[in-house]
């Protein structure tokens, strides 16, 4: 079922919903089943891949939390945010400060990480609430401006209050090693993938359910026409704040996971570039669909790696290679964005669902 | 109903298969005959992270090519115990977050034997734990932070530069003895680099001895507020714990503000050719700048080490401009080859670290290398240099001291000469 942007979707949407609920299992159960299946695939894959790929996959999972949150906000509720990198930084710094506090007091068990992650989400939600309340009053370029300011200010705060955040050097994130029960030589990266994938799947199940819930419909109504939504009795500002808070929670968890994976946090990881990359990734992946967020998260991790191998392929003069190294990912990202916008405005996922729809249309003919 | 059942059965079967496969997956334990990562009979793969781009790349981007050139020279002379050295250089742009990524790539994907000369205090600090848990030798970090000297916590990490506290003490000692009574101010990088250096300066001059302290961050290239504060405080001597780009910025900004103090600069930010290139036509502003160094001065063409390194630079580095960074890079390469030789033919990560711990290495440096089981810091002192007539030369004796409250002493051991073919012999 796709969140169509067509002018008169409500009737069709409801019709589809009725048909679905009539014949299949409840949404929550369906989502849980998919999550369990994905978890098993990840488990299998984690044994087949080498450590570095495991680490990369864990990074994808971390980014996925953030891109999924942004998908809810931008794709579903129609609000723009250029500040999600900063929200990720909030989550990351919270987890760093919590973990350090725990370890300084001699609490080094792996379970405290859960507490730290919850704290990270809670703090980010608070920040998201403040930004969201302001954002709900703004439209278009003003909203972009506000969130842009957040993206620039938050990393700068870490330098201004370097007593707490230790400036550009950043903070360490002490993390307990994999449980001893897994064996002495259990690769740390595989454990990291398990942690990140577990948290991300939980986050995705919650978000997917939200999309299918009353709130999902409210978000879509507000996105498609605010006036119509207001006439239908929807509190537009409140809905927008809720969307912002939900997406902030995703970003906070994503940032916290990134910090746990890197075992350190520094402002350089959460600059303005990250915020822009996140938005680009969501758009390229396919705005408005959680599956699109998955493609986006993959792109965020694969692209820099790809360009690095690309520059290594050619024997360039050191100077040219250096110049390409930093800038090529940006250029490729930009070019991809333009191509996707022209050729497939629905992003990767939109293109895929068009393909499957075309295949489905062919199938009955083939069978009979 | 039937489709649901069939679907359920299909899913159940798939899951069972997946689980079985997973159970069969192997845990990689360390088998007894497991090969050493990055080492074969013919090759040793070593990696590093360097700021090839970004705010700290000025000058520093030339270090890794110089080290690589020296390795190529050694390879052309038969390698070490028959093995050629491959040096993988990754750009981290002096951004700690990128360092995390590239070092993981080096260790997990490229499977390097060791990380050599990773550059930067904020950048390298972030990967210490990762390298430690992966048991990767982390040799000769290109920074003078005291973080590298923690044998109990990071038994495989060793520094190279004199630590910034030692350096701060020697620089401050110079100020105290030759420029007594002047108002001294301090500008440092806003991390352990700046803090360690300031600690050293204050050990000698006392906390009251520094009139104004300022810090800078590499992501902000405007130092006018800091320099303005120094001018307002009436500073006569400014001690800089800065990377080359920010030494040049400070000197240039001061000139614009009509402020001409005596500059006293940490070794990592005092390479004259690098600064002169940055300042361009304004290179004359560097006249009289006092710096510290512990390796042969690039312009000293009579020095046998400089002759050797110039030759290597011409043969294997495309005749790149020969500055302090080139000397530094080659000195690192020379020391690494010495250690590899000492580690013996049966090269493992353990034997390499053990070889460094044994210490007793002598190379191009004018100051002593201090490696031992309990000391993982690098050079233990240095000699002061001054720019005069557009040329940077040493003056006075070589000093050595410790990072605690010990006095600053003269170091008198004579320098050694390089071996005839330029490759250390066991």
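Numbering starts at 1 and runs along the chain as it is shown here.
Positions of Cβ are set from backbone N, Cα and C atoms, glycine also.
No curator has checked TrEMBL annotations; they are predicted automatically.
Among the features that TrEMBL reports, transmembrane segment is placed at A:28-49, A:55-78, A:85-103, A:109-135, A:142-165, A:191-211, A:241-262, A:268-287, A:294-316, A:328-348.
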Ranked first among A:85-103, A:109-135, A:191-211, A:268-287 for CB pairs under 8 angstroms with the transmembrane segment (A:28-49): A:191-211
Closest-packing stretch to the transmembrane segment (A:142-165), where packing means Cβ pairs under 8 Å, from A:55-78, A:85-103, A:109-135, A:191-211, A:241-262: A:85-103
Two-stretch contact, the transmembrane segment (A:55-78) and the transmembrane segment (A:241-262), at least three Cβ pairs under 8 Å: yes
Folded-back contacts onto the transmembrane segment (A:85-103), same chain, C-beta under 8 angstroms, at least six residues removed: 66, 112-113, 115-117, 119-121, 123-124, 127-128, 131, 150-155, 158, 164-165, 170-175, 248, 251-256, 258-260, 264-265, 267, 269-278
